[in-house]
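Record features (Swiss-Prot):
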DOMAIN    17-232  domain 'ABC transporter'
BINDING   49, 50, 51, 52, 53, 54, 55, 56  ATP binding site
REGION    273-298  region 'Disordered'
COMPBIAS  276-298  compositional bias 'Basic and acidic residues'
């Protein structure tokens, strides 16, 4: 998937969220400090770091949930935020359909629910119980709930947690496509140092402070990153690169770069144009190539 430029030459920067020298102090220590971070319209920024690095604290500052004890946080006036939390407290033993999940935070017109579910590829699951969804399907439902409110920016906290590698790849493709289709900004938070989506415009590596930032390849080759995580962290770090001209939807259809969709050949894992069929949580290896440590992995 070709990455769109977040701010073409000569274009005015449309900053949605900005943190400047922001920090949070609690119980005699700084949870995070000196955080400089911004997300522009149409830009994907990925915040990575180990557990306890302050990623969630930084995200809460960005969302105005936490007030910084130093520095500042600013939002574009009238900013609409679509938030997909790391965890959502839902009793999975109680009946709750996907379409009902969509309205837990407020009513939505039926057409908006249908459009959002279609956009994330799970329109066929509108009546399904959330307890019966796979990890990838549930994440898509949460993204649809955020997307339905037409956000200027989506903040995704560990959106691929609990999803296997093929499911992660499908969700990363979806995130990039939603950015391309809507023009929204995306702030993605992840603890996984070994998988960064190639569609990311910038990566910010956090460990109590910003230790390095830049493109995925810039970050993994920076001396600060190597000092923090060790030379062994560089080799296995996988920068996910997907060179297909299509995205696989959970219902089996194939969405192509030109916006058309097609059904897979009955009884086959190959789509009508000869492409393999990837579902959230399952992956059949038909010449998919991922790059890990600079070496292709078939």
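The backbone N, Cα and C atoms fix where each Cβ goes, and this holds for glycine too.
Locations of recorded Swiss-Prot features on the structure.
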{"residue": "49", "record": "ATP binding site", "Cβ neighbours (10 Å)": "24"}
{"residue": "50", "record": "ATP binding site", "Cβ neighbours (10 Å)": "14"}
{"residue": "51", "record": "ATP binding site", "Cβ neighbours (10 Å)": "7"}
{"residue": "52", "record": "ATP binding site", "Cβ neighbours (10 Å)": "12"}
{"residue": "53", "record": "ATP binding site", "Cβ neighbours (10 Å)": "21"}
{"residue": "54", "record": "ATP binding site", "Cβ neighbours (10 Å)": "23"}
{"residue": "55", "record": "ATP binding site", "Cβ neighbours (10 Å)": "23"}
{"residue": "56", "record": "ATP binding site", "Cβ neighbours (10 Å)": "21"}
**Fill in**
DSSP says residue 55 (ATP binding site), in three-state terms, is helix
**Asked** Excluding 49, 50, 51, 52, 53, 54, 55, 56, which residues of the same chain place their Cβ within 8 Å of the centroid of the Cβ atoms of the recorded ATP site?
**Response** 191, 206, 207
**Asked** What average pLDDT is reported by the model for the domain 'ABC transporter' (17-232)?
**Response** 91
